[in-house]
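Annotated in TrEMBL:
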type: TRANSMEM; residues: B:16-33; note: transmembrane segment
type: TRANSMEM; residues: B:53-76; note: transmembrane segment
type: TRANSMEM; residues: B:83-101; note: transmembrane segment
type: TRANSMEM; residues: B:134-156; note: transmembrane segment
type: TRANSMEM; residues: B:168-188; note: transmembrane segment
type: TRANSMEM; residues: B:208-232; note: transmembrane segment
type: TRANSMEM; residues: B:266-287; note: transmembrane segment
type: TRANSMEM; residues: B:293-324; note: transmembrane segment
type: TRANSMEM; residues: B:336-354; note: transmembrane segment
Amino acid sequence: MSSDQFQTGRLTQFRELLERSDAALVLTAMAAFYLLFLGVGAILNYDVAGLISILGQVTFFTAVYALIVLALNLHWGYAGLFNIGIAGFMAVGVYTMAMLTAPPTGSPPGLGLPIAVGIVGGMLAAALVGLVTALPALRLRADYLAIVTVAISEIIRLTYNSPAFSTFTLPGGIALGTGGASGIGNFPSNPVRAIYYVDPSSAASGTTPIGAAVFGFFEAVFGVVRSAVIVDLTYGLVLAVVVFLVYTLLARVGNSPFGRVLKAIREDEVVAKSLGKDTNRFKIKTFMLGCALMGLAGVLWQGFGTGAVYPQAFRPELTFYIFIAVIIGGAGSNTGSVLGGAVFANLLFLLPQYLPTMIEQTFSIQANPNNFIAAVGPIAAGEIAPLLGYILNQRLPALRFVFVGVLLVYLMQNRPEGLLGHRTETAAAVDLSEGHTPGGQTGTDLTAPDEGGVDNE
Amino acid sequence: MELYARGQQLLRDQPGLVVVAVAAMLLVGDLFGKLLGGGLTAARFGGFVWDGLVIGLLIGLAGIGLSLTYSILGFANFAHGDYISWGAFSGWAVAYLLAGIDRYAAGGLLLIGAGDGPAPGDVGVSITNTPGSILAGLVVAVGFTIGVSLLVDRLVYRPIREADGITLLIASIGVAFVLRYLIVFFFYSGRQGVTDISRVPSYDIGGVVINAHELTIVAIALALMVGVHLLLQRSKLGKAMRAMADNRDLAQVTGIPVEGVIRTTWILGGGLAGAAGYLVVLTQGTIAYDLGWLLLLLIFAAVIMGGIGSVYGAIVGGLVIGLASRLSLIWLTGDLSSFAEPVAFGLMIFVLLFRPEGIFGGVSTA
Amino acid sequence: MKEVSTMSSESAADSIGEDPAVDTAGDGDEDPPLRVENLRKEFGGITAVDGASFTVADESLTGLIGPNGAGKSTTFNCITGVHEPTDGAVYFNGTDIAGLAPNVIANRGLVRTFQIARELAEMTVLENLMLAPQRQQGEALYRSILPPFRDGVIEEETELREAVWESLEFFEIDHLAEEQAGNLSGGQRKLLELARALMTDPDMLLLDEPFAGVNPTLETKLLDRINQLRAEEGLTFLLVEHDMDIIMEHCDPVIVMHQGHVLAEGRPEEIRNNERVVDAYFGEQQ
Ligand SMILES: Nc1ncnc2c1ncn2[C@@H]1O[C@H](COP(=O)(O)OP(=O)(O)OP(=O)(O)O)[C@@H](O)[C@H]1O
Ligand SMILES: [Mg+2]
């Protein structure tokens, strides 16, 4: 009895903690996802290296999705800018990075500049393309802006895809290239590798002192020998730090007079203008900052995360993924964005990749028909396995898209404010309630509005 | 003097428009130079024009529905391209079935050659070889797509009829995902040959080669367009649609059966989209689950150019976009030919920026 | 109708002589703060404002009245840049502002409220007011995010917060400070709008029926405040109001609009006795 009460008490306390503290909420969610995927790994009989690897994946995808969703939230959640050209801006970021840093002798040739220059250059290029888009397009209605941005993103993708710029020569004789349909794969490898390997581009080159120590530690404790797993995990943690930094940056943007104007623009642009705010300037700056962050996300995800960029990675589907994530989290909230990104990355993106193997292993399904008729035909004979085999082995990615679509429709019909509810964060650089001069009524006394004494309608 | 002042005014008010107009004039001038100077043969030019007309008619046909739903329901339907794809797949499944049932198992035919199904060359579908199956496929494409659009409206859009345009737009993206990947689920995700090009006769008209499938497309598209025209002229439907596009609440008060008009809009728009999708395969010779999505931006371009809500605008816009994308190949040679589509998107962006009411805006009919 | 009955009431007989505006209105041949010339606005086929011309004297509380649909709100919209006038000129402190963007006009010190209150519904009352002050340092993106500048922003925010709370207390909506503005009642919203407009530190305010739904005691207090702002800080007010008692008692001069143009302009007692004005109101009723 009393221990029951005690437990409910603890539970309520915990729930209150989650409601009060965004950090606790995010950490709890991440802990849940890590547990979930450890479970997945256990079902699949992974060894310790496999388990660490799966945790590294969870960290990576959560982080990159959180990053890009935060950037979109700045556009859509903060300023109401309906940008559905995200994939294009990501492409500009990572392609610029790759073209700036790839070796001049490679194929396609690059400029061979340092990685840092590449990252900053990628962000600047994405911001510039954002500026070119924003200058004319921000005057447009939201749905026109959507069509323009998706068209621009396709123009960007088709341009990178075109053989015309596969390699070209800049004035001055400097050769450069996008690699056309096959993309660029020879830009410098993930800078995190420099922590562990003497030559970051080759694991065989020998380990640095740090590398030796860390690998040695993991080997001693877990018996892990695959260093790549540890490198990936490290990169995931680096990304988590980046997400934290970007979150802090955006929280500052939101909790400031600048963010207040954005909020006003989203609600009623005419009012913001009538109060003397040059709303176009605010929108352009916001659009450029968001695009720069999208460029950064492209660099960290498709660039260093994948190790090669190619145009097909930037189809509009990617944009819609990110939209779904932001809608799940609830547009307008940075914490919601991180959570939305995490939910999408783990439950809708990563988990379905493990599902078929898990189900097959559990139910030992062998059938693998290669077309729908062959899959449903045997049902007449009472055999369901071919259909399951068809679904699991042939069509699970397609069904995932179908599910995502259904989810989107469901959300629009039932919870347009987001799965995690509508969260509002006060837009001010200081705690506004504190300013109440002593002696007056207290600012926290929230009389219900209809009881307010001023209304005599 | 007067003209000069007006020109100055225009330059100040709409600098972008002036730049576009100047660029267009330069291109036309260059075109004449090329034609007269022999850089471009008349036959090649004619070929581009013909190709542009064929694809333009299809874009226009599909655009009618997008334009109507955009103005009457107030949102940009991003699933419209996938109605087109379903038109293609449903129609061709039946065309295949009818053309090959005497020789092959029904399953492989219905799935348009999925898995180990029969190859297009073996089935031998073409307008001259199997005209009956082609026409039956068209009817099914239209009917099936009407069914899809009505079902989607009932399940998705009707419950949120009063929601704002962006909410509906996002919902339509969801619908697009569902429809597109259901095609992958039932059929396949690659691009596959469908028609038997070797059996399609072609005719040389002054150096321009025109094949029977293209002629079929032009004939059917024109017939459908005339049909829509008559429907809107002879019935009160056009008027009711215009009233609803202007103000749905007012239309309801004045006794227009709002839901009925919406249903008719979907029937018209869905049917034409299905037909367009089916016919696109006839000219491309291949079918793919994302064929409609790939066309969608071009269709948006046409609809916006023609002025949202205008049936005739959509048709003319389709022709402009079709011709622009093909004629751009006169200049975009070699590796640059991959920029034909971006050129059309670019045109659309220009229209949105400088004439968001469409270049034919103001003469909107139905 | 309410307008008509209050028209003929005698309640507003005196108090006009004490109007601060009367003394200052004629000082020098300076430009009046606001001069509207031949203003026209068409919406499609409807002509909402049809060649209206009037001036508003410095530091006055000028009334703008007229039957429903006379074009008062549209005139406000054209003056403040919310709509671009079809034709005509609007001079604010001597320069033509017709067709300028609303924010540019507001930056110059001409600020308005809306007839149907446009509170920012999903922002708190506090946020609504914090938004209003013009040229805040923190409106520059880099100042809001970069550490060395951020301190200045925080300092400024702290000062603004004081001013905002003072304003809330004056308008007697401080108990609603942290409520979402969308949850306020109609009258409370109008108060919020007025408070917000004042926070912009304007030279001239256009108020579109600011007292609708506000209780009479507070109304008097607000009118006193308006007169105080005119006298002490030199603000000018143009007030659209349907309550004739307020107009007759507090406004001088009064401009009457009808069917898009100015029907009459003069002191309240002249307006009250003007037959065309009375006809316009009665004509509206028939
Ligand atoms: N945005 C608009 N589009 C079309 N017509 C409009 C618009 N705004 C106002 N009108 C019309 O212009 C005319 C004048 O309206 P306005 O709102 O200026 O009158 P008003 O004097 O403020 O009336 P009220 O006392 O009712 O507030 C009316 O006929 C109105 O219907
Ligand atoms: Mg009004």
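A Cβ is built for glycine as well, from the same backbone N, Cα and C atoms used for every other residue.
TrEMBL: automatically predicted annotations, no manual curation.
From a predicted model like this one, the values you see are computed outputs, not experimental measurements.
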Seg_contact(the transmembrane segment (B:168-188), the transmembrane segment (B:83-101)) with at least 3 CB pairs under 8 angstroms, min sep 6: yes
The transmembrane segment (B:293-324) and the transmembrane segment (B:134-156) contact flag, 3+ Cβ pairs under 8 angstroms: no
Range from B:16-33, B:53-76, B:266-287 with most C-beta pairs under 8 A to the transmembrane segment (B:336-354): B:16-33
Stretch in B:83-101, B:134-156, B:266-287 most in contact with the transmembrane segment (B:53-76), if contact is a CB pair under 8 A: B:266-287
Top partner of the transmembrane segment (B:134-156) among B:83-101, B:208-232, B:266-287 - counted as Cβ pairs under 8 Å: B:266-287
